[in-house]
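TrEMBL has this to say about the protein:
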- B:54-72: transmembrane segment (TRANSMEM)
- B:102-123: transmembrane segment (TRANSMEM)
- B:130-149: transmembrane segment (TRANSMEM)
- B:169-190: transmembrane segment (TRANSMEM)
- B:202-220: transmembrane segment (TRANSMEM)
- B:232-255: transmembrane segment (TRANSMEM)
- B:276-295: transmembrane segment (TRANSMEM)
- B:310-331: transmembrane segment (TRANSMEM)
Amino acid sequence: MSSDPGGIPPILDVRDVHKVYRTGTHALRGVSMRVRPGTVHGLIGANGAGKSTLIKILSGAQTVSDGEIAWRGSVTEWTSPSQALADGLAAVYQHMPLVPSLSVLDNVFLGHTGSLRWDRARRTRELAELCDRVGYPLDGDDLVGDLSIGARQMVAILQALARGPALVLLDEPTAALSPSEREILFASVRRLRDTGTTFIYVSHFLDEVLDLTDHLTVLRDGLVVLDAPTASTDEAALITAIVGSRLAAFEAEAPVAARSLGEVVLAVEDLASGTAFGPLSFDVRAGEVVGVAGLLGSGRTELLQALYGADRAATGSVTVNGRGRPRGPQQAVRRGMALVPEDRARQGFLADWEIWRNISLPDLPRLSWRRMFPHAAREREQARQAVDDLGIKTQTIDSKVGDLSGGNAQKVVFAKWLYGNASIFLLDEPTAGVDVGAKSDILHLIRRLAARGAAVLIVTSEFEELIGSCDRILVLRRGALVADLASAETDVHEVTAIASGFGSHGDHPLGRKAAVS
Amino acid sequence: MTNPAAKAPAWRKALAPRAAGVVYAFIALLAVLTITSSAQGRPSYLSSVNLSNILEQSALIGILAIFMTVVLISGNFDLSVASTAALAGTVALKLIDGNGTFVAVLAAIACGALVGLVNALLVQKVGVNAFIVTLGTLTAVRGVVQAILDGKSITAHNTALLDFSTGRWELPVAVALVIGVALIALAVVLAVRSGAVREKLVAAWPLWLAGLLVLAIAGFRPNLLDQAVPVWIMIGLALVASLVLRFTVIGRNLYAVGGNAEAARLSGINVDRYKMGAFVLNGVLAAVVGVLYAGRFNSVDPTVLTGGELTVIAAAVLGGTSLFGGSGVVVKSVIGTLILFTLSNGFNVLNIGSNYQNVVQGTVLVAAASLYTATSQRDRALFRKRVARKAPAEPAPVLTKTGA
């Protein structure tokens, strides 16, 4: 275990913490961690590793079963986040509790109880100072609801900083950010660290963690498996620490080998929708995995919506399995399309429904007697099959999908489409908010689908995954297709450069296309 | 994460206050009223006459509650039902003398369907909030009724509607016995076939309880088998609606549409069709209720059924229907209606001032809603915090020291 020299006492000292839930789950089995002041301390681990539990304990939302936590040298007895906040530990969660109908100024100083009077001039001044410290300009009068997701994230961070905390806990702050917004966030964190604020940084993105943090703690199965200065480790070591061998093997695998592809099943010609994107043209063949690399705001989600018939304003022609553009999701499903949406909880599943009822939803008539009377035994059989096929971790198919972890819930959303007649899969950020183990499972699943003859279109900003799983990569920038790359011949740097408007391809948008096709 | 609720056996969930609370409440209410009235030396509260009275008073609101529940399940809201019923009743009585019963009833039902369709189009196609739209139709349709009647009440000479809605129909005792035995047998067969007999038998309590109830009525209160036609219509519609919601693709999709419209839409379900269908169906059935109501006295006045929509919604909420869509059981809404009418009936029978009647009904409604919210999975904040504070002592971990 690490013992930093220098003798600076840790600001937060987690000593042999155990957590046993009343259900019997032993989430933490003796975790120790020392956070030095003025550092960025990375905390990583797969879902179920105990990371969320540790975060909840640190922020005061839960109490320890055994062990203790020392804050500035004395043992804490926080039983609520407000006590932690009062002592100087502020947490910024992935889902930001902001009020969209209030202004930035109101949100940043929400819940301040310093004085009864709302001194607007003083608050505006304080906000300006904060923005200055962070290096991110925000207009206090803007409504939070009108801001981009990245700007909202910054408001949430400002809200935390406005309390003048000594330590800020950032939980997956970049999950919804574009690379440029990410850079701004990182610059702010570094700047604040240099002025003495301490950070605990929780993220799935290992490159970020390596880039940003000074020290790393990796959890697996409730234990600390790696605790070292960031400089002494690298991505390979981290991946091994988090999952062991599985994902490491996947990363090492060569990109999909050239296969014989079927005929064109999805032909897009001059598809356009308002200012969002287009006109675009491309083809996807049976058995082919095509990736659309696009950053936030590039029109990637809108493109999928238009293909799926959910955007009635779109113009242009789409041929799906030899038939015309679907006029609505219902028709799209009938023509063999399947959409795995970006926002699972809102668009992908019913949180209150059991696994089996969620999985049978899209092709309930097929599982029903006379297409009208659902046959529960058949539905349950199919759900059991899905749990086996996809390795969904659950005790029973009667569990509610809302109670599953992100990765398992995403597998349920996939499973909805696996047993019907879907032959064209549209995947919108299929691995967002999914832990590394499940991510690897899902990427394997995509390959299996292609091997089975399905056409797969993946839209994502996770370029590394695209290269690992796609045959071709289309780069979408500001609504236009600027490159068509064979994934065997490209790399993350090239895709990132083209997608974000840098690099040699920026000047010749379609320069690569001829070379590839 | 493991979820303790998922591990609980099915029967435990089926008998939990959240799932069956309205049944317990109804039984408790009947028990209290029975004991009180016998303590005061009054005739038995559970007499056939009194029970028939309650049923007859509840029947029309009960029918409305069934289809209000359907609309609520689909994720919408309909305030216009009582006005729609009033319009349908007015139209029926206006036309019946000149054009005959068939045309009158058809026109009334068409009016109901039209109001439902207007609601549906404005809510689903234009996108106006359902509360606002139906508040508008509530007012406007009532205005149409007032315009047609011009402040006066009308009476029809043709008594076809009167004969129909005040008619009675008796279920033969032998048939009732067969039905009762069949229900119990069905519960047993289902339980035996599934293997886990005891668990399944408890989980299927609505089946055998209904069977026992039918047997008890046939055995001890055979007069109860003779009921007014609207009561039988309510029972029939409740049965059909329950079966459709529970056992058909339509029912499943309706719950999906109300539970998460976007997920349902992307799964290929025609969300608009279901939501609009619920509105139109509700309008049609409101019209049927209006015709039955007009037939009861063969006359209508401009204030007929005013405020009825609130009773209907109260009944659905008492029955545990979620106002956010995606959950609800029509039979429970009917029991909710019975509770409301039993309360007012009890006040009359026990001769307690009717001044307090509304206070009690309102209190019962809010108490029920609070109980549902506090015990529900999603909104258990209040109870959860209490529990957490009271029981900080979790089982001591079995410490397996690792590392240094």
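Just so it is clear, glycine is given a Cβ too, placed from its N, Cα and C backbone atoms.
Quick caveat, the model's predicted, so the values are computed rather than measured.
Annotation: stretch B:310-331 has the most Cβ pairs under 8 Å to the transmembrane segment (B:54-72), among B:130-149, B:202-220, B:232-255, B:310-331. Counting same-chain residues at least six beyond the ends of the transmembrane segment (B:169-190), those with a Cβ under 8 angstroms from any Cβ of the stretch are 200-201, 204, 207-208, 210-215, 217-218, 222, 225-229, 232. Counted over residue pairs separated by six or more positions, the transmembrane segment (B:232-255) shares fewer than 3 Cβ pairs under 8 angstroms with the transmembrane segment (B:130-149), which leaves the two as not touching. Counting residues 6+ beyond its ends, the transmembrane segment (B:310-331) has Cβ neighbours under 8 Å at 18-19, 21-22, 25, 61-62, 64-66, 68-70, 72-77, 79, 81-82, 206, 238, 241-242, 245, 255-260, 337, 339-340, 361, 364-365, 368-369, 372 in the same chain.
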